[in-house]
Amino acid sequence: MYVVIEGIDTAGKSTQLELLKKKFPKATFTKEPGGTPIGIKLREMALGGEAKSKIAEMFLFLADRAEHIEEVIKNNENKIVISDRSMISGIAYANQLDIDKLVELNLIATDNTLPTHVILLELTPKELKYRLSLKDNDSIELRGIDYLINIQNRMKETIKKLNINHIFIDASLKIEEIEKKIEDFINAN
Ligand SMILES: Nc1ncnc2c1ncn2[C@@H]1O[C@H](COP(=O)(O)OP(=O)(O)OP(=O)(O)O)[C@@H](O)[C@H]1O
Ligand SMILES: Cc1cn([C@H]2C[C@H](O)[C@@H](COP(=O)(O)O)O2)c(=O)[nH]c1=O
């Protein structure tokens, strides 16, 4: 079972992952970018904002993803793996290219491996604005509310297009309510 938690910046992914670690102690927890030793270096490069080219930035994320699939996902095929982000983020954030082209590129990186379960935490523009105001923003968060809401729409479109088993959850619900919905979704499937 390859479960991924998706959502734009500040949607509440890390908060829920910490709770899931207690609920599913035998699962393998991982993340993109940065779930492998090479991935840690690629993450630094991608998020440092050094790349002038958006295409170069996308290839950094794709390199991270290819290594992550090979080293983490395939090596834990018979376990529950729960990942903070996946190719869904890869396709949504690279918004300079169309989704079909990005699906092709991402399937090369993942050797055709798709998540089996996608949980998307969905933010309203108002809540996103509030949550971003509470923290120092990295180079991607500095692109702003409209950019991130557009990315969220691309995430939803991608999940539907790939026809992956999924749940969309209102990220403004109480933390415990979201936790329960996620637990029920994983256990039901
Ligand atoms: N359901 C919730 N209601 C209100 N605030 C929440 C909720 N879930 C998380 N938060 C708060 O929102 C902020 C972002 O949460 P968190 O770090 O879990 O998001 P994230 O999706 O992992 O973010 P990023 O992708 O930027 O790392 C934190 O201040 C957290 O306490
Ligand atoms: C996988 C992936 C991620 N991104 C962006 C999304 C976030 O802004 C950062 C990752 O930060 P987090 O704190 O680990 O959530 O990177 C992207 O642009 N493309 C991708 O493929």
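The backbone N, Cα and C atoms fix where each Cβ goes, glycine too.
What TrEMBL records for this protein:
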BINDING   GLY7, ILE8, ASP9, THR10, ALA11, GLY12, LYS13, SER14  ATP binding site
DOMAIN    5-182  domain 'Thymidylate kinase-like'
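On the structure: features taken from TrEMBL.
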{"residue": "GLY7", "record": "ATP binding site", "Cβ contacts under 8 Å, 6 or more apart": "LYS13, LEU120, LEU121, GLU122, LEU123, GLN152, MET155, ALA171"}
{"residue": "ILE8", "record": "ATP binding site", "Cβ contacts under 8 Å, 6 or more apart": "LEU123, LEU128, LEU148, ILE149, ILE151, GLN152, MET155"}
{"residue": "ASP9", "record": "ATP binding site", "Cβ contacts under 8 Å, 6 or more apart": "LEU132, ASP138, ILE140, GLU141, LEU148"}
{"residue": "THR10", "record": "ATP binding site", "Cβ contacts under 8 Å, 6 or more apart": "LEU123, LEU128, ARG131, LEU132, LYS135, GLU141"}
{"residue": "ALA11", "record": "ATP binding site", "Cβ contacts under 8 Å, 6 or more apart": "LEU121, GLU122, LEU123, ALA171"}
{"residue": "GLY12", "record": "ATP binding site", "Cβ contacts under 8 Å, 6 or more apart": "LEU121, ALA171, ILE175, ILE178"}
{"residue": "SER14", "record": "ATP binding site", "Cβ contacts under 8 Å, 6 or more apart": "ASP84"}
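Of the chain residues outside the ATP site list GLY7, ILE8, ASP9, THR10, ALA11, GLY12, LYS13, SER14, LEU121, LEU123, ALA171 have their Cβ within 8 Å of the site's Cβ mean position. Taking GLY7, ILE8, ASP9, THR10, ALA11, SER14 as the candidate binding-site residues, the subset whose CB lies under 6 angstroms from any atom of ligand 2 consists of ASP9.
LYS13 (ATP binding site) falls within a helical segment according to DSSP. There are 23 other CB atoms within 10 A of the CB of LYS13 (ATP binding site), with all protein chains counted.
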